[in-house]
Amino acid sequence: MDRVVFFFLIAATLLAGSLGSTVISGEVTDGFVNPIRQVVPEENDEQLLNAEHHFTLFKSKYEKTYATQVEHDHRFRVFKANLRRARRNQLLDPSAVHGVTQFSDLTPKEFRRKFLGLKRRGFRLPTDTQTAPILPTSDLPTEFDWREQGAVTPVKNQGMCGSCWSFSAIGALEGAHFLATKELVSLSEQQLVDCDHECDPAQANSCDSGCSGGLMNNAFEYALKAGGLMKEEDYPYTGRDHTACKFDKSKIVASVSNFSVVSSDEDQIAANLVQHGPLAIAINAMWMQTYIGGVSCPYVCSKSQDHGVLLVGFGSSGYAPIRLKEKPYWIIKNSWGAMWGEHGYYKICRGPHNMCGMDTMVSTVAAVHTSPK
């Protein structure tokens, strides 16, 4: 069935390209017109005016300015290309909503370089990595959300720094610390950016390196060796690296007791999420540049991960693509600010196919209570 639907969508994409004169009114999201249904591959004067209008709205909403007219014109061309890309993404991911985001003036290459930072190349688990025990799954709830339990801090923003790995690791440790102490504390990502240079000795180019990328398990290993993490307010995030480490052991508020890798079985992922708190995971972010909301369940998605995020929950019936029965989904906290996605969150379908590689690199961490001296 999925293959039939996929080929139907490919045909629809080609047909849409041939019906360039068809214009459907846009959708409105938080007062901002989503023009994805007004964009066609070939521009006429009216469509060009629409693109210029939406580019003006885009610049206003996201406070975008460009140093020169040449740069402005280049970004407008990129913006138009991303409108067409969002329209194609909508056809191939119909249960989500795709359109204009804060990244709509970036090429895919620029987007990956500036906002994705997972060091995934050649990834394999170290031989001494602890594996999470198999948990019972017969009594799993159909829906669960750690936000409702008070275990998740507000959405943060990594800025133009490839430090997603640090936000993923910190989010998991914030949740683990909450489970251990019943206290929700915002911890310091900047401590990891500045101070964590942990490496997997079995792999070249596997060291955590601030805005140039890292791995969540390396970050947990660093936290174990360093003794713990400081509060965000004591070591605030700047989104810059190559600065001196300002770690103060006297201000540690959360420490790692252990961490482990979770099985790629989705029931085991759900069981570990419910029992051990939010999980640090990796995902392929190719569909996230144009994502606005809904449940993303694309018919094609690479399983090569390039982005670290935080798994905080799951739902039972979030979408019904092509009139099929409603399907379950995962709830993911991202680190691109609350203006992206569903107030900073991403929903992606659950199932046996390792959607966008999200089942491959999943870690759980446990915390111990540490009082400031």
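Just so you know, glycine gets a Cβ as well, placed from its N, Cα and C.
According to Swiss-Prot, the protein carries these features:
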type	residues	note
SIGNAL	1-20	signal peptide
DISULFID	Cys161-Cys211	disulfide bond
ACT_SITE	Cys164	active site
DISULFID	Cys195-Cys245	disulfide bond
CARBOHYD	Asn258	N-linked glycosylation site
DISULFID	Cys301-Cys356	disulfide bond
ACT_SITE	His307	active site
ACT_SITE	Asn334	active site
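Features recorded in Swiss-Prot, as mapped to the structure shown.
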{"residue": "Cys161", "record": "disulfide bond", "contacts (Cβ under 8 Å, 6+ apart)": "Lys114, Gly117, Val193, Gly210, Cys211, Gly239, Arg240, Asp241"}
{"residue": "Cys164", "record": "active site", "contacts (Cβ under 8 Å, 6+ apart)": "Phe115, Leu116, Gly117, Leu118, Gln158, His307, Gly308, Val309, Ser335"}
{"residue": "Cys195", "record": "disulfide bond", "contacts (Cβ under 8 Å, 6+ apart)": "Tyr222, Ala226, Cys245, Phe247"}
{"residue": "Asn258", "record": "N-linked glycosylation site", "contacts (Cβ under 8 Å, 6+ apart)": "Gln130, Leu224, Val365, Ala366"}
{"residue": "Cys301", "record": "disulfide bond", "contacts (Cβ under 8 Å, 6+ apart)": "Asn284, Met286, Trp287, Met355, Cys356, Gly357"}
{"residue": "Asn334", "record": "active site", "contacts (Cβ under 8 Å, 6+ apart)": "Val155, Met288, Val309, Leu310, Trp340, Gly341, Gly344, Tyr345, Tyr346"}
I'd like to know which of the disulfide-bonded residues Cys211, Cys356 has the most other Cβ atoms within 10 Å of its Cβ.
Cys356
Among the recorded positions Cys245, His307, point out the residue whose Cβ has the most other Cβ atoms within 10 Å, with all shown protein chains included in the count.
His307
Collapsed DSSP category at the residue listed as 'N-linked glycosylation site'
strand
His307 (active site), DSSP three-state class -> strand
